[in-house]
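Working notes for the structure below.
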Amino acid sequence: PPAPQAKGMSEVANGSVTTHVLNTATGLPAAGLAIRLARLQEPGPQWIELAQRWTDEDGRCLPLLAPGHAKAGTYKLHFETAPYWHGLGHPNFYPFVEVVFTITDPAQKLHLPLLISPYSYTTYRGS
């Protein structure tokens, strides 16, 4: 039904860091894929985990950082692709994908989609 879907979309649109994952081999959303968000602790190479989510049937999840919780700095999204491909019975070349990015304006919404197939992945800054 349109109403719950519209409600879910408005929740996603209000997040300051959001993502979605699409399986380009099938052209369908990647459901049930685990995602973790971490922030680089400055100074030093230590990552602090901030959130963990799983994608829904539309390949989306609740915002990884809610509005007002972002700080300027370096972050990474960690996508657990091996269990996803294993669940579909596919081999995979990349056991996980990490996307590292910088937040310079914490008030700005960031959407970071991931397109995956068993032997490739692509990411971009979405809207």
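For all residues, glycine too, the Cβ spot is worked out from N, Cα and C.
The domain 'Transthyretin/hydroxyisourate hydrolase' annotation in TrEMBL covers 13-126. Annotated substrate binding site per TrEMBL: His20, Arg60, Tyr124, in sequence order.
Spread of the substrate binding residues is 15 Å (greatest Cα-Cα distance among His20, Arg60, Tyr124). Averaged across the domain 'Transthyretin/hydroxyisourate hydrolase' (13-126), the predicted model reaches a pLDDT of 92. Counting only residues at least six positions away in the same chain, the Cβ atoms of Pro29, Thr55, Asp58, Gly59, Arg60, Cys61, His111, Pro113, Leu114 sit under 8 Å from the Cβ of His20 (substrate binding site).
The C-beta environment of Tyr124 (substrate binding site), restricted to residues of the same chain at least 6 apart in sequence and closer than 8 Å, consists of Leu112, Pro113. Note on Arg60 (substrate binding site): other Cβ atoms within 10 Å of its Cβ, all shown chains, come to 21. What surrounds the substrate site, by Cβ distance within 8 Å of the Cβ centroid and not counting His20, Arg60, Tyr124, is the set Thr18, Thr19, Val21, Leu22, Gly59, His111, Leu112, Pro113, Leu114, Gly126 from the same chain.
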